[in-house]
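Below is one structure, written out as structure tokens; comments come after it.
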Amino acid sequence: MGLAGARPYANFGQPNQLATFLLWGLLACAWGFSCNKIRALVALLLAAFLLLGIALTQSRTAWLGLTFLLLATWVWHKLWRTKWVPWSVTGLFVFFWLCPPFLKGVTEVLLLASEQSYFRDPMQGELRPLAWRLFIDAALTQPWFGYGWTEVAHAQLAVATAFSPLYGTFGQAHNLFLDLVLWLGLPLGLLVSAAMVWQFTAYVRAVTNAKDAILLMFLGVIGIHAMLELPLHYAYFLLPTGLVMGVLNHRIGGKPIGVTPRWTLMGLWLAASVLLAVIVSDYFRVESSFRTLRFELARIGTLPQGKPPEVVLLTQLRERIGFMRYEVKEGMTPQELAWLLDVVNVYPGGGVIYKVAKALALNDRPTEAGQWLSKICKISPIEECDLIQRVWAQDALKNSRIAAVHWPNESIEPVP
């Protein structure tokens, strides 16, 4: 079982994702009990076991999810098989909050305690509020059409210098609605978000039995997670969510907007299969090319320098590989500089920005070079920022054009 500090995450790579799956497991217990597939005692024991796992993850997202499940159970208290269901859920909720001190005591008795405390500091390293303020400002900076699908890192770069450092790049805004606004712009992003809220409220109004309530709670749990992180970027969350939405829509009497011919479905399947085949083919070519590039950068072997892979769809990865091989120099064309800027907006990072700033400095664009330098420490860990600053100082000793671009004089404070 993988661990993030003292927090298990199993095969998911992230404790909050494991916690959400365990919450879905709780709802599976409720479904089995509602369908008379398992007895009440079995359901309670399974739920207690799953709650113990959730407590081990120390997921604050799961705390919100559990609170939502408790409230929903009481709101729909008349729908359950027995009046004791809400009280049983309340008891399980109390049991969950007793788990952390119990687990802490067990680790101390078994001499398993370490420097990493079992209990999390509630505010330790919490960057979401700052990130949300930054991304809201980015959305207002480019409100009409957004930054493009998945271009959240580009949005971060656009306003990074106006905010305190985040010490890393964000590929997502950690809020589904904010992601949509950044991708699509304010008008369309808010419209899609409003449609999602309207659909969820329609589900709430249509709940008439325990099974519908459980399905709705399934969506509520993942919805809460999506307001704080990015679970729906993963197929193992997205596909079950879409399936449950379809089932719930059918159960509440949803009607199709229209009926298409049978060949339409076959055509979609064929197109999807061709698309998948092309992506897989591109991916293997990119993987092979990237492996060769890593050997080149590590100076392992004597093979001639490789070339970017020939791909059809994954062109952004091809450009990234080309960027990593590219050596900046004096006399670069405007097209070459524009290409570097395009790549850095898609794949930002301290080292990448350093290369772009160096290219701009060498080609008599010192003002732009200074602007890019000011972004490095905003999106990089402190150690990386210090290293790049030292490298820039060494380069400045060798080249007067680089020396003309001074390192931004900003103090970097550690993450609280």
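Cβ atoms here come from the backbone N, Cα and C positions, even for glycine.
According to TrEMBL, the features are:
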DOMAIN    8-31  domain 'Protein glycosylation ligase'
DOMAIN    46-191  domain 'O-antigen ligase-related'
DOMAIN    215-376  domain 'Virulence factor membrane-bound polymerase C-terminal'
TRANSMEM  16-33  transmembrane segment
TRANSMEM  40-56  transmembrane segment
TRANSMEM  62-77  transmembrane segment
TRANSMEM  84-103  transmembrane segment
TRANSMEM  180-201  transmembrane segment
TRANSMEM  213-236  transmembrane segment
TRANSMEM  263-284  transmembrane segment
May I ask for the residues of the chain that lie six or more residues beyond the transmembrane segment (40-56) and have a Cβ under 8 Å from a Cβ within it? 7-8, 18-19, 22-23, 25-26, 29-30, 32-33, 62, 66, 82, 88, 92, 95-96, 99-100, 103
Is it true that the transmembrane segment (16-33) and the transmembrane segment (84-103) have 3 or more CB pairs under 8 Å, sequence gap of 6 or more? no
With the cut-off at Cβ under 8 Å and a gap of six or more residues from its ends, the chain residues touching the transmembrane segment (263-284) are 309, 311-314, 317
DSSP-derived helix, strand and coil totals, residue by residue, for the domain 'Protein glycosylation ligase' (8-31): 17 helix, 3 strand, 4 coil
